[in-house]
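What follows is a single structure, written as structure tokens, with notes after it.
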């Protein structure tokens, strides 16, 4: 029986994680749930899964949760704040920590889990995009086990040999017979839109993803392929891959979630329905397998599987992310922060779709790129980049 803390339990990944627990009550027990401000959903989760602890981001939400749980006779202890979240990630009897708090808020609790030597099911993109070196160093020092939840990185992980799986971020790909990692992406809803029309695309059009059901921010990131750029950065850290060992491919059907190319000419791929419960269940049960609740892939209903190289004129954000990695952690942190501001501005109809990449580049050019030495340095770069990005948005929108 694996004991589990879920950081970000009321979000999409958190709810999917609890669904896997629901399908496998004999394998997993929820010890602690950590969330932001969604008290209603947290009440439902506490009543169903009876965790020992529940943590809310702020005191007001925690007070409300405590009152509602007491009325229902729940014995779950309610806490609040970031330190409590970090404590839940490092609880002595917890085996696994699902790190699914979105954004910079997830950094310190995830790092607490790493330092406590836990098995970390990593769904928080920012951990590696902004703190890649810091996090991988901490993993090595504490002998924690990282298991990637993101569907692409999980597909790569499943397609890699065991010596690499057990030494993520440090194993030598070439020594293990790996030539390259092929990161696949759908290309988003504007894959075939004429380039001249991209400037007129609306937020609603950008959010109509052909295959995956996602939130609005990540849907826009899929349309710009910034999500693939961030995944490229994560993959470089996770798999200790050089630029020449990485390939990015457009795969419109989203059936092959990523591949690994070997020296003998073999290519191993992981296929499946586009459902996050598959990679979540894989990381939770690794090295075993459990029922995820996902329907089997029906090969007879599949159309052709097609692939193409990405066009950087269509996807300048992808190129920006690849170049930012070469500049270092300050650049990847600044790019991630700027992109959050520019995407929010696009969703608020303050800027055009094509302005996202232009403003992201502008922020990178204006930033002082000293390498961060600790998480506080990273948060400082993040805050500065957001401020520059806001000014750039206001300049363009006025």
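Glycine is no exception: its Cβ is also placed from the backbone N, Cα and C atoms.
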Of the candidates 185, 187, 188, 215, the one that Swiss-Prot places in the NADPH site of 10, 11, 12, 13, 36, 37, 38, 124, 126: 215
Per Swiss-Prot, 150, 152 bind Mn(2+); matching candidate in 59, 77, 92, 231: 231
Other CB atoms, at most 10 A from the CB of residue 36 (NADPH binding site): 17
Shell list (Mn(2+); ref centroid = CB of 150, 152, 231; cutoff 8 A): 148, 151, 153, 154, 183, 227, 228, 234, 235, 258
Among 10, 12, 125, 126, which are recorded as binding-site residues, the nearest neighbour of residue 150 (Mn(2+) binding site) by Cα: 125
Of the binding-site residues listed as 10, 12, 36, the one whose CA lies nearest the CA of residue 125 (1-deoxy-D-xylulose 5-phosphate binding site): 12
Three-state secondary structure, which DSSP defines for residue 36 (NADPH binding site): coil
Residue pair residue 231 (1-deoxy-D-xylulose 5-phosphate binding site), residue 36 (NADPH binding site) - Cα distance, angstrom, rounded: 25
Number of Cβ atoms other than its own within 10 Å, given for residue 125 (1-deoxy-D-xylulose 5-phosphate binding site): 21
